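Scroll down for the structure; my scribbles are underneath it.
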Amino acid sequence: MAQQKTILQALAGETLPTPPIWMMRQAGRYLPEYKATRAQAGDFLSLCYNPELAAEVTLQPIRRYGFDAAILFADILLLPQALGADLWFVTGEGPRLSTITSADELAKLKPTEAIHDTLNPVYETVKILSRELPDETTLIGFAGAPWTVATYMIAGQGTPDQGPAHALKAENREVFDGIMNRLTEGTIAYLSKQIEAGAECVKLFDSWAGSLQEDDFLNYSIKPMQRITSALKEKHPGIPVIAFPRGAGTQYAGVHGATGADCVAVDDGVDAAWVADNVQKDGCVQGNLKSSHMVTGGDALVSETRRICDALSGGPHIFNLGHGITPDADPENVQLMIDTVRGS
Ligand code: CP3
């Protein structure tokens, strides 16, 4: 019999004596072996589209730390690129895209079926990983949630307050809704293919959900994630979905029910005890440790890790950071976090 996968047990709602653990951006620039493979690939996008090397960097943190899950190495901005947007990364600054803000530009996007022409190497990476990962390690696929991806497509880059996307939403709702619909449809097609290639769970990253309030949060973060989740569950019953509306604050309460997701990932802006009472009561939760502890380490890392584990010990819990690990993190602090969670 295949070994039990603890991540899948937690996602199914089981309360485990020790929470399984993985880490957002666990394959990344804080690891010397990642930097070496990235140098071999050339630039970041070449790494994303090279199945052997993308699988290699996905496996690196599994070999080094034995995390309970591996997350596919790719990026949320590959989908807009597959839809026809130009995408490039400026070193030290981040992503740049050709912008979509008019009905003409929207109409020029490629049809949904065409995205696979670009995204096929990503599905190849998933296939390699599902062969090569240890039996006990869960393979997580992912995509950006429509709102977050739309903020990059509309602005052409990352923005501190997502101003351009909010402006288009206010000034040209038809084009804005058109972009959101194309992304929702594309995300369903993209994640379905990841699942067919071997992803055992998928995560939706809504990194900029925190700039949406009340009705906007419901309409543009929750509803698209709900549409994607229900379409995936219809096509692929039994594949769990993790929703991550980062920065949602008190709006995290009720996200399980409203999206249909099996797990809600929380950032570090909410207190773990509040999460236990208001979010975990509805299902599995994941996240919360401040990424900066991976830089600073020491007693604060240990006590914060213990505090989160204790607060969430009464229900299904996957240990994770509240956001991605940063390039200045110390790999030894990651080991200390894992040892603290696993009690060794
Ligand atoms: O978590 C993982 O290890 C899986 C792979 C993954 C990456 N990006 C790899 C990556 C995932 C899940 C993402 C998600 C992603 N990408 C998000 C949502 C999550 C979040 O962080 O808020 C966003 C907003 C992006 C877009 C993106 N990609 C930005 C803004 C940047 C530049 C920022 C930076 O750190 O330079 C990236 C690049 C990126 N994506 C890197 C990695 C490992 C660094 C690339 C490098 O090697 O230079």
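Glycine is no exception: its Cβ is also placed from the backbone N, Cα and C atoms.
Residues or ranges marked as domain 'Uroporphyrinogen decarboxylase (URO-D)' by TrEMBL: 20-29, 140-156. Sequence annotations record features per position, and here TrEMBL assigns substrate binding site to Arg25, Gln26, Ala27, Gly28, Arg29, Asp75, Tyr152, Ser207, His323. The site 'Transition state stabilizer' feature in TrEMBL is assigned to Asp75.
Other Cβ atoms within 10 Å of the Cβ of Arg25 (substrate binding site), summed over all protein chains shown, number 19. The candidate set comprises the binding-site residues Arg29, His323. Of these, His323 has the most other Cβ atoms within 10 Å. Across the fold, the C-alpha of Asp75 (site 'Transition state stabilizer') and the C-alpha of Arg25 (substrate binding site) stand 10 Å from each other. The DSSP secondary structure for Tyr152 (substrate binding site) is helix.
Across the residues annotated as binding substrate (Arg25, Gln26, Ala27, Gly28, Arg29, Asp75, Tyr152, Ser207, His323), the widest Cα-Cα separation comes to 23 Å. Note: the domain 'Uroporphyrinogen decarboxylase (URO-D)' (20-29) comprises 0 helix, 1 strand, 9 coil (DSSP; helix = H, G, I, strand = E, B). Filtering Arg25, Asp75, Tyr152 by Cβ distance to ligand 1 (under 6 A) retains the following recorded positions: Arg25, Asp75. Packing around Asp75 (site 'Transition state stabilizer') is summarised by its Cβ count: 18 other Cβ atoms lie within 10 angstroms of its Cβ, all protein chains included.
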